[in-house]
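Have a look at the structure below before the remarks.
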Amino acid sequence: MSPQTETKASVGFKAGVKDYKLTYYTPDYETKDTDILAAFRVTPQPGVPPEEAGAAVAAESSTGTWTTVWTDGLTSLDRYKGRCYHTETVVGEENQYIAYVAYPLDLFEEGSVTNMFTSIVGNVFGFKALRALRLEDLRIPTSYSKTFQGPPHGIQVERDKLNKYGRPLLGCTIKPKLGLSAKNYGRAVYECLRGGLDFTKDDENVNSQPFMRWRDRFLFCAEAIYKAQAETGEIKGHYLNATAGTCEEMIKRAVFARELGVPIVMHDYLTGGFTANTSLAHYCRDNGLLLHIHRAMHAVIDRQKNHGMHFRVLAKALRMSGGDHIHAGTVVGKLEGEREMTLGFVDLLRDDFIEKDRSRGIFFTQDWVSMPGVIPVASGGIHVWHMPALTEIFGDDSVLQFGGGTLGHPWGNAPGAVANRVALEACVQARNEGRDLAREGNEIIREASKWSPELASACEVWKEIKF
């Protein structure tokens with residue numbers, strides 16, 4: 001009997017390089033309910049057709065490599081490969097296309113945002129056939145989203161914990177963000193909470209530096225919270241930043257926060273990483289802590305319009321990984337188009353079911369089923385004159401965060417907090433009475449300032465400030 005010289009896998013195998021579109025461009029493919037769908041903005045190199053560029057993205061982010069390999073015969077590529085099933089031209093842009101790619105669910109580990117991103121965007125962005133590449137949106141199928149815990153608690157549970165309903169929540173980032181001692185930091189926290197804010201916040205880069213170690217900060221902030229709660233009769237919180245150099249240290253800080261009895265901790269989810277974030281979210285659910293998420297580093301990824309990843313993808317990923325709040329920009333003063341895009345991903349954070357709407361940047365219908373929602377946080381350069389617009393745009397399920405708009409009050413931190421609380425209560429009351437906040441906003445603030453010297457002073461200071 002002659003020895004076997006040819007394996008079954010090698011039958012029909014032909015070495016060499018072949019066009020990606022022969023295997024990975026499948027315009028007749030009908031997407032499945034279980035597929036993860038991606039919309040990529042593709043800018044091909046000169047001479048590369050959009051179908052080949054889209055197929056290259058599908059290949060390199062799933063089963064493909066640069067050459068044909070004989071081990072392809074050991075598996076079913078048709079079952080596991082990503083498929084570029086449609087391309088379309090981006091209106092008004094030269095040589096830009098949207099390539100739609102479908103990925104079989106079996107390519108992804110359950111409950112791992114880390115693995116999902118490693119597959120879809122991990123290796124393909126440096127591809128030579130592409131001049132630029134941007135991931136615009138993802139459709140997460142129910143069969144995959146159900147493998148994630150999602151936010152530790154969600155919007156309704158947070159309201160029940162805080163016993164606060166029918167209005168946006170108010171926050172303030174303590175400034176200067178770096179340099180204060182723990183005791184002075186705690187003093188600022190107390191003054192803001194005592195004045196009427198619901199939350200104060202560590203800034204994203206407040207971790208455990210020589211001038212203020214984390215344990216000292218946690219202790220003085222907890223003292224401030226309890227003192228303010230006793231004086232106001234309201235539940236208060238401070239976002240204690242648990243972000244650290246290792247997951248073990250991060251969890252240690254969260255454990256200490258829980259032992260102090262505070263309601264909420266914080267994490268920088270992009271610099272900390274999705275694995276760390278998901279670990280912290282699981283700990284927070286198990287131990288009754290709310291989790292505030294800061295998006296530090298997001299602009300490195302999402303600022304370029306033709307390369308990187310849109311923030312709506314990072315927002316969806318955060319909802320899966322876990323967080324009860326996330327920063328979402330302010331909208332105020334931006335162009336109308338930017339407003340619609342921002343409200344698009346705000347809905348993706350809060351709502352259970354979001355219809356496809358290209359005018360708002362939503363490429364796919366998204367059904368989150370029962371996954372809890374995330375509260376968007378409006379923060380950055382806002383003050384009392386913006387309160388009517390913010391209340392109208394973001395609605396009740398939001399946190400409006402005034403850093404300089406609180407601490408910059410000429411009379412001090414507590415009067416700054418009073419001014420913001422009075423402005424918010426006036427806007428909510430006016431809205432509930434049927435008044436138009438967009439049209440009558442300035443008048444509503446002026447009327448309220450007659451009864452609040454703190455608000456009147458704030459109105460005077462910031463009357464000339466515009467975006």
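Including glycine, each Cβ sits where the backbone N, Cα and C put it.
Substrate binding, as stated in Swiss-Prot, involves ASN123, THR173, LYS177, HIS327, SER379; the candidate among ARG213, ARG215, ARG295 given for that site is ARG295. Around the Cβ of ARG295 (substrate binding site), the same chain contributes ASP268, TYR269, LEU270, PHE311, LEU314, LEU318, ILE326, HIS327, each under 8 angstroms and 6 or more positions distant in sequence. Residues THR173, ILE174, LYS177, ASP202, ASN205, VAL206, TYR239, ASN241, MET266, HIS294 surround the recorded Mg(2+) site, their Cβ atoms falling within 8 Å of the Cβ centroid of LYS201, ASP203, GLU204, which are themselves excluded. Mapped onto three states, the DSSP output places ASP203 (Mg(2+) binding site) in coil. For LYS177 (substrate binding site), applying a Cβ distance below 8 Å and a minimum sequence separation of six or more within one chain yields ASP203, ASN205, VAL206.
Ranking the recorded positions LYS175, LYS201, GLU204, HIS294 by Cα distance from ASN123 (substrate binding site) puts HIS294 first.
Between the listed active-site residues, namely LYS175, HIS294, the fewest other CB atoms within 10 angstroms of a CB are found at LYS175.
When the C-alpha distances from GLU204 (Mg(2+) binding site) to the recorded positions THR173, LYS175, HIS294, SER379 are tabulated, the minimum falls on HIS294.
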